[in-house]
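Feature list (source: TrEMBL):
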type: DOMAIN; residues: 21-410; note: domain 'Major facilitator superfamily (MFS) profile'
type: TRANSMEM; residues: 20-42; note: transmembrane segment
type: TRANSMEM; residues: 62-82; note: transmembrane segment
type: TRANSMEM; residues: 89-107; note: transmembrane segment
type: TRANSMEM; residues: 113-130; note: transmembrane segment
type: TRANSMEM; residues: 151-170; note: transmembrane segment
type: TRANSMEM; residues: 176-197; note: transmembrane segment
type: TRANSMEM; residues: 229-252; note: transmembrane segment
type: TRANSMEM; residues: 264-282; note: transmembrane segment
type: TRANSMEM; residues: 294-313; note: transmembrane segment
type: TRANSMEM; residues: 319-341; note: transmembrane segment
type: TRANSMEM; residues: 353-372; note: transmembrane segment
type: TRANSMEM; residues: 384-410; note: transmembrane segment
Amino acid sequence: MGGAAVDEGPTGIKAPDGGWGWAVLFGCFVITGFSYAFPKAVSVFFKELMREFGIGYSDTAWISSILLAMLYGTGPLCSVCVNRFGCRPVMLVGGLFASLGMVAASFCRSIIQIYLTTGVITGLGLALNFQPSLIMLNRYFNKRRPMANGLAAAGSPVFLCALSPLGQVLQDHYGWRGGFLILGGLLLNCCVCAALMRPLVAPQVGVGPGPQQQSRRLLDLSVFRDRGFLIYAVAASIMVLGLFVPPVFVVSYAKDLGVPDTKAAFLLTILGFIDIFARPTAGFITGLKKVRPYSVYLFSFAMFFNGFTDLTGSTASDYGGLVVFCIFFGISYGMVGALQFEVLMAIVGTHKFSSAIGLVLLLEAVAVLIGPPSGGKLLDATHVYKYVFILAGSEVLTSSLVLLLGNFFCIGKKSEASRPEVVASEEERLHKPPVDVRVDSREVEHFLKAEPEKNGEVVHTPETSV
């Protein structure tokens, strides 16, 4: 599957690590905030939708599930669009789709229409913004990329803390239809962020025509031949099975312990507040010169920390224990959020990242649809929240071990073999002439004279050509 790409990326262009890159970082911060926080923020309107259409909790929960499924599952489609049309046009169309979906939802008369508008159309629009914004961030930052990824990832908890109260205020004053209409207008800011994604342009050197750009596949499936990518994809898919389960059930866990509703809901505020500071801090630490070569191991530790927190959180028996759990979960969750795409960029490189992230998100989409429902099934069968947290923690711990062992035995050895100094010394050894061999100048002169010349150019034979 091939074709020419309009926005090939910064081939041969050094990432500026600043300048206009800070505007790109701001746009990515906003896009990440909308993409991850919006599926959770619309849950504020669920009770009104239940009353309006006479449906239950499971019916309204499908709105957020469809949003997340579109965000993750359309990854390959986003990769194809970016490689074909470039990041900025795709994001502009995505911003229009995201806004149009919410505006259309304000006129819906059935829950099925809500699924199609808020779930499918808005979800597709957010997906067309999220993935290209990460690709542009990768192109503008190299040395400061871990810190940039951490700052961009902080948009998720910041927007979650802002959009949920805003949604409640809009519902109180304008109802769910007016709230959806205003949120649709708010999503037009995605188009503003798209306008910030200015492509990097190579400087013109000389007056002659430059070399033609090599065509790129619209979806580069060759990443599946990369052992590092395969290990990362498997580990990330297992991780997503349990990563989102505790935030979904922690409030219900608190209520089951007899905690009032307001105090139980405050647990998510604590988690989000800690997450705001954990993500940029993790990005800054990963960007340190001595730490960055070990970013894969740091990501594996973050997953291990998160899984271990789930296991210890299962032993909480009162509100204080759940508060401590949310603090440590916020730290580990923020570390995972800040490092996941930074590690993928480090494994596959700049040119394959647009395809790699799309394929990874597609694999994670399946896990996202399986994870929380499987926790719900276990809860329905046992009525014990402890088992749900143990299941989630075990899945995340397993993913950390997969990445750790895979990196140690496969990725690490591959990186060792391809280090520049090793390659350079090998090339020097291969091309260095033997010390004992002496070359006779008369033989060289005879050889050069014997070479046929044609139109001023030496005609090479297969034996003499490199």
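Each Cβ is built from the backbone N, Cα and C atoms, and glycine gets one as well.
Automated prediction, rather than curation, is the source of TrEMBL annotations.
Looking just at the domain 'Major facilitator superfamily (MFS) profile' (21-410), the mean pLDDT is 86. Through the fold, the transmembrane segment (384-410) approaches residues 227-228, 231-232, 234-239, 241-243, 245-246, 249, 252-253, 256, 296-297, 299-301, 303-304, 306-311, 313-315, 371, 374-375, 378 of its own chain, all at least 6 residues removed from its boundaries and within a Cβ separation under 8 Å. Among the stretches 62-82, 151-170, 176-197, 229-252, 319-341, the one making the largest number of Cβ pairs under 8 Å with the transmembrane segment (20-42) is 151-170. Of the Cβ pairs linking the transmembrane segment (151-170) with the transmembrane segment (113-130) and spaced 6 or more residues apart, fewer than 3 are under 8 Å, so the two regions do not touch. Between the transmembrane segment (176-197) and the transmembrane segment (264-282) there are fewer than 3 Cβ pairs closer than 8 Å, counting only pairs 6 or more residues apart in sequence, which means the two stretches are not in contact. Remote same-chain residues near the transmembrane segment (229-252) are listed as 223, 264-265, 267-268, 271, 303, 306-307, 310, 313, 322, 325-326, 329, 333, 336, 340, 343-344, 347-348, 356, 359-360, 363-364, 366-368, 370-372, 374-375, 379, 385, 388-389, 391-396, 398-400, 402-403, 406-407, 410-411 (criterion: CB distance under 8 Å, separation of at least six residues from the stretch ends). Here the transmembrane segment (353-372) has Cβ contacts under 8 Å with residues 9, 65, 68-69, 71-80, 82-83, 131, 134-135, 138, 217, 219-221, 223-224, 229, 232-233, 236-238, 240-245, 248, 341, 344-345, 347, 392, 395 of the same chain, all six or more residues outside its ends. Sequence-remote contacts of a segment are chain residues at least 6 beyond its ends whose Cβ falls under 8 Å from one of its Cβ atoms, and for the transmembrane segment (319-341) they are 134, 146, 149-150, 153-154, 156-157, 236, 239, 243, 246-247, 250, 253-254, 257, 259, 263, 267-268, 270-283, 286, 295, 298-299, 302-303, 305-306, 309-310, 312-313, 357.
Long-range contacts of the transmembrane segment (62-82) within the same chain: residues 1, 7, 35, 38-40, 42-43, 46, 49, 90, 114-115, 118-120, 122-124, 126-128, 130-132, 135, 218-219, 354-355, 357-362, 364-366, 368-369, each at least 6 residues beyond the stretch ends and with a Cβ under 8 Å from a Cβ of the stretch.
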